[in-house]
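Structure first, commentary second.
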Amino acid sequence: MSENKGNMPLGADNSLTPSEDSEMSHVIAVVSGKGGVGKSTVTALLAVELAKRGYKVGILDADLTGASIPYLFGLQGLLKVTEKGLLEPMKTAQFGIKVVSIALVMENPEMAVIWRGPLLSKAIQQFWTDVDWGELDYLLVDMPPGTSDVPLTVMQMLPLDGVVVVTSPQDMARSVVKKAYHMANQLQVPVLGLVENMSYVTCPHCGERFSIFGQKPLTEAAQEFNVQVCVELPVDPQLAELTDQGNIEQITVATSSSLKELVDALETLN
């Protein structure tokens with residue numbers, strides 16, 4: 001196995017085996033170089049759009065120190081344990097998306113997860129091996145920002161079809177997201193798409209678009225990363241309200257239609 005200059009082993013070994021009752025056709029990680037770009041929101045939106053098309057979808061919330069997937073879907077309480085001693089994912093209200101998150105196994109989900117890297121990596125492994133995921137067409141992995149232990153564990157040990165990279169229009173965010181792209185490239189994980197969140201806002205009166213966080217063509221980043229699919233998501237007041245209410249499954253056309261090209265691309269994996 002080759003190594004980079006930092007002596008980090010490259011390439012995925014896909015060594016983890018899911019529980020015998022779990023069968024995932026496709027596993028896709030959603031990554032970002034930094035926090036605050038809306039990565040978890042994009043993960044949730046992709047899950048909803050895939051579920052709308054009739055697919056069986058699950059989300060593994062790998063952002064252990066900043067878990068927000070249950071919040072977006074209004075999920076509360078603790079995961080149940082099956083007769084075989086496996087965790088049973090919690091299903092969302094509208095589309096039955098299966099969710100596993102550290103926030104659903106802690107008695108007090110507001111308590112901080114203060115773990116070192118090995119413990120975080122072990123928890124991610126258990127969310128793969130010790131969960132009854134059942135049959136899924138797509139399992140989305142909501143990654144923590146950055147390129148440290150958890151992203152390394154996921155990219156090396158899970159059979160990823162690829163990653164979706166999320167950024168925002170600011171130059172700083174785009175600069176940092178390059179690290180996530182280069183990590184995927186070094187670990188030989190395909191980049192399936194690039195999402196620029198909060199790309200613009202649309203005037204409700206005249207329909208004109210305003211790039212409130214700066215305007216730099218997303219195609220430039222797509223060309224630099226050699227990514228064929230790139231989408232721009234607007235600043236959507238309805239989405240902000242629904243996420244605060246835990247009702248992201250009720251999102252309508254404004255934001256969801258912007259993801260169509262990316263969801264179409266994920267369908268071609270079948």
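Here the Cβ of each residue, glycine as well, is placed from N, Cα and C on the backbone.
Note that this is a predicted model, so its numbers are computed, not measured.
For Gly33, Lys34, Gly35, Gly36, Val37, Gly38, Lys39, Ser40, the entry in TrEMBL reads ATP binding site. Using a 10 Å radius centred on the Cβ of Lys34 (ATP binding site) and all shown protein chains, the other Cβ atoms total 19.
Residues or ranges marked as region 'Disordered' in TrEMBL: 1-20.
In this structure, the binding-site residues under consideration are Gly36, Gly38, Lys39, Ser40, and the one with the smallest number of other Cβ atoms within 10 Å of its Cβ is Gly36. The local packing around Gly35 (ATP binding site), expressed as other Cβ atoms within 10 Å of its Cβ over all shown chains, amounts to 15. Taking the centroid of the Cβ atoms of Gly33, Lys34, Gly35, Gly36, Val37, Gly38, Lys39, Ser40 as the ATP site, the other same-chain residues with Cβ within 8 Å of it are Ser32, Pro145, Val166, Ser168, Ala173, Asn197.
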